[in-house]
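A.B. asks: Got a structure for you, questions after.
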Amino acid sequence: LVTEIADTDNFINLSFLRLFRAARLIKLLRQGYTIRILLWTFVQSFKALPYVCLLIAMLFFIYAIIGMQVFGNIALNDETSINRHNNFRTFLQALMLLFRSATGEAWHEIMLSCLSNRACDPLSGLTKNECGSDFAYFYFVSFIFLCSFLMLNLFVAVI
């Protein structure tokens, strides 16, 4: 009946009234005691969320500073994983590289590009192949371990 009336040119389309179906959920929440408790627990868990986010930010900050000091002088090469978009030259680029590594995108290739005897940036003042470090193994594996297994699980546990 409503669609028949709405199809005529004189009336406004009344299909927006379907939005009021969502009001049934509010009525359901008022009646269900267990659903209210579950929702209250979910809201209360958000109080600990800023602390977990702060801990993750602190981990990224520490690893970005260490990465800039140890791997910041590696020459940029488009054929390796250390290129103009993916490097430790500045703090923001180091954070982006760490975020990319934390998501699991080719972190092992980045690690292998940071090993010792890599070419140095000409502006760094270092000789040709003394950049990089074998510390890259410990650096990247520990970062992936902390991000993937500890921080992500802690974040999910709070929610």
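All positions are counted from 1 along the displayed chain.
Positions of Cβ are set from backbone N, Cα and C atoms, glycine also.
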A.B. asks: Which is it, of 1-5, 36-40, 106-110, 111-115, that Swiss-Prot names as transmembrane segment?
C.D. replies: 1-5
A.B. asks: Is Val156 placed by Swiss-Prot on the same side of the membrane that Tyr33 is on?
C.D. replies: yes
A.B. asks: Tell me whether Glu105 (site 'Calcium ion selectivity and permeability') sits in a helix, a strand or coil according to DSSP.
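C.D. replies: Going by the DSSP assignment, Glu105 (site 'Calcium ion selectivity and permeability') belongs to neither helix nor strand, so it counts as coil.
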A.B. asks: Taking helix as H, G and I and strand as E and B in DSSP, count the residues of the topological domain 'Cytoplasmic' (33-51) in helix, strand and coil.
C.D. replies: 16 helix, 0 strand, 3 coil
A.B. asks: Let me check the 10 A CB neighbour count of Glu105 (site 'Calcium ion selectivity and permeability'). How many other CB atoms are there?
C.D. replies: 11
